[in-house]
Structures are given as structure tokens and as C-alpha cells.
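A.B. asks: Sharing a structure, written as C-alpha cells. Questions coming.
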Amino acid sequence: MNSKVFAALLLLALSTCVLSEKYCPTPRNTSCKKMNIRNNCCRDSDCTSNAFCCAEPCGNFCHKASDKPGGRRVDPNASCQTGYVYW
């Protein structure tokens with residue numbers, strides 16, 4: 001295979017991967033009272049319809065993926081339990 005064709009195909013494949021990356025949406029709330037913190041998920045596999053488990057000030061919630069960065073996915077290795085979080 002011609003090296004120029006190979007390089008072009010490789011560049012196309014890499015750009016497709018980068019452009020198709022999905023993120024958690026920006027959280028709506030920027031603060032939360034401690035008594036209202038609830039985790040609906042602890043990892044992406046807790047969510048349905050290929051949603052992401054996203055960390056927010058009031059806990060972890062499942063959200064549809066966004067094309068724009070702004071939110072933060074939950075670390076699947078972090079200690080987490082679903083339900084209300086009591087301090």
C-alpha cells in the first residue's frame with residue numbers, strides 16, 4: 001500500500017475517534033446542601049441507554065452523552081454506593 005494513502009487513512013481514523021468522543025454535560029447546579037446528596041449511579045454500567053454516570057454537586061446521575069466537555073464522569077474505581085449519602 002502506498003505510504004501516502006496509508007497515512008491519509010490513519011489520519012482519517014484518528015480524527016474520527018477524536019470527533020466522536022462524548023462527555024458528561026455541564027452540571028445544572030453548582031452547589032448542593034449536604035443533606036440532598038444522592039448517587040443514582042456509581043459507574044456507567046448502572047445507567048441505561050448508553051448514558052454516562054456523571055459526578056455533580058448533588059451526587060452522581062445518569063446523563064445522555066454531550067458533544068461538548070463540561071461535566072465529569074464518575075471514576076469507576078472510586079468508593080461509591082447508590083442512594084443518599086450521609087456524612
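Using N, Cα and C of the backbone, Cβ positions are placed for all residues, glycine too.
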A.B. asks: Which cysteine out of CYS47, CYS53, CYS54, CYS58 is the one Swiss-Prot pairs with CYS24 in a disulfide?
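C.D. replies: Recorded partner, per Swiss-Prot: CYS54.
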A.B. asks: Considering the candidates CYS53, CYS58, which is the cysteine that Swiss-Prot reports in a disulfide bond with CYS41?
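C.D. replies: Matching partner in the record: CYS53.
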A.B. asks: State the count of C-beta atoms found within 10 angstroms of the C-beta of CYS62 (disulfide bond), not counting that atom itself.
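C.D. replies: There are 18 such Cβ atoms around CYS62 (disulfide bond).
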A.B. asks: Measuring Cα to Cα, how far is CYS32 (disulfide bond) from CYS53 (disulfide bond) in Å?
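C.D. replies: Just about 18 Å between their Cα atoms.
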